[in-house]
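Going by Swiss-Prot, these are the annotated features:
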type	residues	note
BINDING	GLY119, SER120, ASN121, GLY122, LYS123, THR124, THR125	ATP binding site
Amino acid sequence: MKVISNFQNKKILILGLAKSGEAAAKLLTKLGALVTVNDSKPFDQNPAAQALLEEGIKVICGSHPVELLDENFEYMVKNPGIPYDNPMVKRALAKEIPLLTEVELAYFVSEAPIIGITGSNGKTTTTTMIADVLNAGGQSALLSGNIGYPASKVVQKAIAGDTLVMELSSFQLVGVNAFRPHIAVITNLMPTHLDYHGSFEDYVAAKWMIQAQMTESDYLILNANQEISATLAKTTKATVIPFSTQKVVDGAYLNDGILYFKEQAIIAATDLGVPGSHNIENALATIAVAKLSGIADDIIAQCLSHFGGVKHRLQRVGQIKDITFYNDSKSTNILATQKALSGFDNSRLILIAGGLDRGNEFDDLVPDLLGLKQMIILGESAERMKRAANKAEVSYLEARNVAEATELAFKLAQTGDTILLSPANASWDMYPNFEVRGDEFLATFDCLRGDA
């Protein structure tokens with residue numbers, strides 16, 4: 001970590017804790033800043049704030065009092081989840097207090113080069129794939145960012161010989177100014193988080209900040225399957241490396257079932273360790289990064305063939321009596337489940353789906369359901385999901401929860417079948433988040449395996 005004097009004796013307000021705010025507070029204190037932390041969670045329910053107070057850091061909890069900004073702070077570090085229309089943020093901007101992001105703070109002190117990965121879908125899987133391949137190739141890749149390891153914490157142990165492989169959300173990128181990765185990946189761009197950004201255009205603008213400071217000596221990897229990429233590519237100074245599953249490009253591409261990089265065959269799509277058309281895209285982006293990083297083709301192929309996925313993201317859980325289980329609880333919308341289904345033989349597949357009812361019909365999913373062996377349907381959206389199953393002429397059973405659904409699926413399954421949890425719905429009707437939903441699937445698998 002570089003020791004910089006930019007923040008020495010500067011009064012800095014950390015607005016919002018969570019993992020990133022806590023890490024930023026500790027880093028800034030180490031750099032000599034006079035830190036105050038403000039978090040909306042009450043102090044007696046806030047272990048992170050309690051720990052910071054024990055370290056001598058000033059904490060104010062329970063609300064975001066606007067008058068706190070009268071203390072003449074010289075910087076504010078905003079938690080990514082706090083929107084810019086928050087009264088504290090609006091007041092800080094009106095007072096012309098510079099806003100820093102936690103990832104930019106990490107950039108300022110990083111001795112290690114940064115590979116940044118953003119996009120609407122596939123960020124976590126691609127970030128993990130890239131780190132795995134780089135490490136397999138003898139490099140030292142450190143996961144950081146939106147993947148659960150705050151960048152401002154990881155950067156403190158990173159040295160010049162390391163590489164920070166950083167997952168970045170639109171929330172983290174919207175406020176950056178100086179941030180400059182050496183390689184950036186945008187997996188895809190879909191209309192998401194519009195409640196935060198206001199419009200798809202503003203959402204794209206936030207994602208596009210990943211390349212704002214890049215030069216022609218840096219590399220920007222874009223999904224050439226999307227028309228928007230061609231438009232964006234004309235506006236960057238970085239060297240663009242495209243990837244595509246639909247056409248041959250001057251980068252990474254799929255052709256006749258083989259993944260290539262600039263005419264060099266790397267691996268067959270059927271040899272990838274994770275199924276699904278989206279994972280071919282993730283693998284192509286990974287191949288581009290790996291080749292730019294000097295990793296040998298055989299190491300790339302070996303690593304991608306053994307990659308088992310990320311927890312809750314089309315995760316291959318294991319087998320019981322030659323019946324394979326996949327946990328794709330992260331698939332909270334139709335598109336994600338469509339991509340998951342693309343990697344399987346429907347005639348041998350039992351799909352567990354359903355969840356929070358957002359009023360959407362599932363007509364777009366019907367073509368992907370055709371030929372399914374069976375569906376197990378659950379959750380508030382069950383009636384809508386049943387209508388889709390009927391249109392696809394797929395038989396189904398109902399379950400009260402994921403555990404019961406998994407048990408029913410296992411009773412119906414035969415040797416060689418696959419059981420896939422890919423709900424196409426959010427979890428909040430029955431579970432606090434998709435992780436808890438997926439964990440119930442994993443726990444049920446463990447019980448079934450123990451009884452087998």
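Positions of Cβ are set from backbone N, Cα and C atoms, glycine also.
Features per Swiss-Prot, on structure.
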| residue | record | Cβ neighbours (10 Å) |
| --- | --- | --- |
| GLY119 | ATP binding site | 25 |
| SER120 | ATP binding site | 18 |
| ASN121 | ATP binding site | 22 |
| GLY122 | ATP binding site | 23 |
| LYS123 | ATP binding site | 23 |
| THR124 | ATP binding site | 23 |
| THR125 | ATP binding site | 28 |
Check: Around the ATP site recorded as GLY119, SER120, ASN121, GLY122, LYS123, THR124, THR125, what other same-chain residues have a C-beta within 8 angstroms of the site's C-beta center?
Finding: ILE117, THR126, THR187, ASN188, ASN282
Check: Tell me, by DSSP, whether ASN121 (ATP binding site) is helix, strand or coil?
Finding: coil
